[in-house]
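All remarks here apply to the structure that follows.
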Ligand code: NAI
Ligand code: MG
């Protein structure tokens, strides 16, 4: 098991250190674990004058999975794209062809009161949003701002090819087989031709998975039902733009951004796992960041890249038990619980694993 650890900047370094200890603790003894570290983001600029150094990309390519922390510095969007620490992750995903972004939203019952919705609505919530990452409005041509009839016109193009929809569709149905065998494909086929194609191809792919239930939903209805009755969903598969918005909305159902892991896969076996959050400069270097999103990213890695559901379940149970024991970092703290720092939370998870 070759793992590239790209911890990056800010709290990325702190939370990744804890996640790595968890990784080392759950890998079965029969597996040879090979861990290599490489700089990315601001750390890449310091080490090699490039947020995504060639050696880092090379290491990533040679790995079975990547554990990524976070990259970026406030204000770095003023720099040219290739020199922005915060853009190193986008470059890395693109270079590795990672088109399928898995973002689970599940609620630990201990944290139900941190949700934006009432406990009755979110209790037992466990859904997976699968967002297509490399197509859609964000990449379609033509694009730009051009003069037309004496004023400026802004243009972006929603574009999906059949093969792009097909490959994300397969990823969705395969993910559903590891869960509750339900896929909801979210589109806007009533208005957009690109989404009519999306729906047709999804329906077609679905025929190859007769054991998985496929439904279709328009994105506006999906947004509403995600707030009204989120537990009806298992896997939601959708395009880049709708997925961007729905996954952030779903995140708030579960409480803190410090609890949310993610994983990205391509057509090969290489996977990239990372917390959803960024470098959090406001709390970096203070040992107060929540490491659970990074630790739960290792759980996803065990499940999706290495087919080790037992190791994954052990991590989930360990996190549940430390929450049940009352351990809380500042972002999820409530009176009556026990406030701990990044390292102490990591240690508590390790102790629970043991
Ligand atoms: P952020 O996710 O870093 O922080 C947003 C808020 O959530 C902050 O108040 C922060 O303290 C809090 N927070 C985030 N993670 C936390 C954790 N684990 N525990 C406790 N609190 C946590 O997003 P922001 O502030 O918009 O971006 C900061 C920098 O991170 C920017 O340079 C941005 O470009 C970069 N960024 C990088 C990402 C990545 O590498 N995947 C994703 C998002 C932002
Ligand atoms: Mg977003």
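Note that Cβ sites are derived from N, Cα and C of the backbone, with glycine treated the same way.
Bear in mind that the values here come from a model prediction, so they are computed numbers and not experimental data.
Sequence annotations record features per position, and here TrEMBL assigns substrate binding site to 93, 103, 131, 220. The Mg(2+) binding site annotation in TrEMBL covers 220, 244, 248. Annotated domain 'Isopropylmalate dehydrogenase-like' per TrEMBL: 2-349, in sequence order. The site 'Important for catalysis' annotation in TrEMBL covers 138, 188.
Distribution of TrEMBL features across the structure.
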| residue | record | DSSP (3 states) |
| --- | --- | --- |
| 93 | substrate binding site | helix |
| 103 | substrate binding site | strand |
| 131 | substrate binding site | strand |
| 138 | site 'Important for catalysis' | helix |
| 188 | site 'Important for catalysis' | coil |
| 220 | substrate binding site | helix |
| 244 | Mg(2+) binding site | helix |
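The Cβ of residue 93 (substrate binding site) has 19 other Cβ atoms within 10 Å, all protein chains considered. Residue 244 (Mg(2+) binding site) has its Cα within 10 Å of the Cα of these recorded positions: 131, taken from 93, 131, 188, 220. Among the binding-site residues 103, 220, 248, the ones whose Cα is located within 10 Å of the Cα of residue 188 (site 'Important for catalysis') are 220.
Proximity of residue 103 (substrate binding site) to non-local residues of its own chain (separation of 6 or more, Cβ distance below 8 Å) is seen for 128, 129, 130, 131, 243, 247, 250, 251, 260, 262, 276, given in sequence order. With a cut-off of 6 Å between Cβ and the nearest atom of ligand 2, the recorded positions 188, 220, 244, 248 reduce to 244, 248.
Of all the recorded positions listed here (131, 188), it is 188 whose C-beta has the fewest other C-beta atoms within 10 angstroms. Across the structure, residue 220 (substrate binding site) and residue 248 (Mg(2+) binding site) place their CA atoms 15 angstrom apart.
All protein chains shown were included, and the count of other CB atoms within 10 Å of the CB of residue 248 (Mg(2+) binding site) stands at 14. Recorded residues residue 138 (site 'Important for catalysis') and residue 248 (Mg(2+) binding site) have their alpha carbons 17 Å apart, per Cα-Cα distance.
Straight-line distance linking the Cα atoms of residue 248 (Mg(2+) binding site) and residue 93 (substrate binding site), rounded to a whole number, equals 19 Å. Taking each of the binding-site residues 220, 244 in turn and counting other Cβ atoms within 10 Å of its Cβ gives the largest count for 244.
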